[in-house]
Amino acid sequence: MAKNQWRPYTNGSHAPSTPRHLLSIADLTPTEFATLVRNASSYKKTIKSDSMPERLTGALSGKTVAMMFSKRSTRTRVSTEGAVVKMGGHPMFLGKDDIQLGVNESLYDTSVVISSMVSCIVARVGPHSDIANLAKHSSVPVINALCDTFHPLQAIADFLTIHESFASQSATHGTHPSSLGLEGLKIAWVGDANNVLFDLAIAATKMGVNVAVATPRGYEIPSHIVELIQKAREGVQSPGNLTQTTVPEVAVKDADVIVTDTWISMGQETEKIKRLEAFKDFKVTSELAKRGGAKENWKFMHCLPRHPEEVSDEVFYSERSLVFPEAENRLWAAISALEAFVVNKGKIA
């Protein structure tokens, strides 16, 4: 039988329905994204009060979640394993020494075999094509825990963090299922345009949050990602706007939140000297925020790991910094996503 004619075996006469995957925030409607954030917030409050929501108790009992990580990880691994265990499931970690995607066997073979033995695949990979191919041939939900292009779990955690700090200040908070009460907020991204930014900007557009991006010339958001961000405006009553500049001070003007990330991602080590030179004027400092005219109560975020050239100690360890709650929120984001895509089979409510 030709490979493209293969169908998963079932005890019946027909193949199972195609599972729903989470590969990018672009896969979600505004209401679905807002619901994932709200659920994460609710579960965080309940579980940290030494209680477990009834809908999560044993929700993954008897289920195995395969964690296929071809890239090293700290927060993603700990948050995902912790989420699975809290929900009563079994996390199975498959690192790069256990499995090499597309090396010893095709991605097709890997996806078909592993998905026949587990209830979900959480994958942290390199090229987006790897996660897309895993999902294409998987018989169970695939959740993107990071690829070179997107990082949806980080975006959920980031908006949970922003929601906790700013939503109560908005008069529109909680008035519509597709709203997080953040309309009109401004995020300034200062640094490299990367996978974290891409999903953050898509989410912001859906939530009515404006994003101003400052990168050195030559490090801007790729045109095909800009198109995807603009597409996220469709069907949104008051979508957020995206602007780009090469001047950090321009980006941070009137910013509520200033965000940065590593300047040298995994796989870019050979570009270190070039990148350090290109980004030398993009360090987040109190002086930068003051020169640019950020709002008086601006907050700082960074998904970690952090390097001293990216942000000053003064900002990173200040009361403005949300980096440690942001990191913790990866756990609650993972719980929310696992419930939606594994327990509820893609129905987000």
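Backbone N, Cα and C define each Cβ position, glycine as well.
On a predicted model such as this, the values are computed, not experimentally measured, just so you know.
As recorded in Swiss-Prot, the features of this protein are as follows:
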- C303: active site, proton acceptor (ACT_SITE)
- S73, T74, R75, T76, R124, H151, Q154, C303, L304, R330: carbamoyl phosphate binding site (BINDING)
- N195, D261, S265, M266: L-ornithine binding site (BINDING)
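Features recorded in Swiss-Prot, as mapped to the structure shown.
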{"residue": "S73", "record": "carbamoyl phosphate binding site", "contacts (Cβ under 8 Å, 6+ apart)": "R124, A145, L146"}
{"residue": "R75", "record": "carbamoyl phosphate binding site", "contacts (Cβ under 8 Å, 6+ apart)": "C303, L304, A327, R330"}
{"residue": "Q154", "record": "carbamoyl phosphate binding site", "contacts (Cβ under 8 Å, 6+ apart)": "L146, V196, D199, L200, C303, R330, A333"}
{"residue": "N195", "record": "L-ornithine binding site", "contacts (Cβ under 8 Å, 6+ apart)": "L146, C147, D148, T149, F150, H151, S265"}
{"residue": "D261", "record": "L-ornithine binding site", "contacts (Cβ under 8 Å, 6+ apart)": "G191, D192, N194, V196, L197, H302, C303, E310"}
Exercise for the section: Using the structure shown, find which entry in C303, L304 (the recorded positions) has the sparsest Cβ neighbourhood within 10 Å. Expected result: L304
Exercise for the section: State the three-class DSSP label for R124 (carbamoyl phosphate binding site), counting H, G and I as helix, E and B as strand, and everything else as coil. Expected result: strand
Fill in the blank from the handout: Looking at the binding-site residues R124, S265, the one with the fewest other Cβ atoms inside 10 Å is S265
Exercise for the section: Using only the Cα atoms of S73, T74, R75, T76, R124, H151, Q154, C303, L304, R330, which the record gives as binding carbamoyl phosphate, return the largest interatomic distance in Å, rounded to a whole number. Expected result: 16
Problem - Other same-chain residues whose Cβ falls within 8 Å of the Cβ centroid of S73, T74, R75, T76, R124, H151, Q154, C303, L304, R330, the recorded carbamoyl phosphate site, in sequence order - result: S79, A145, L146, L153
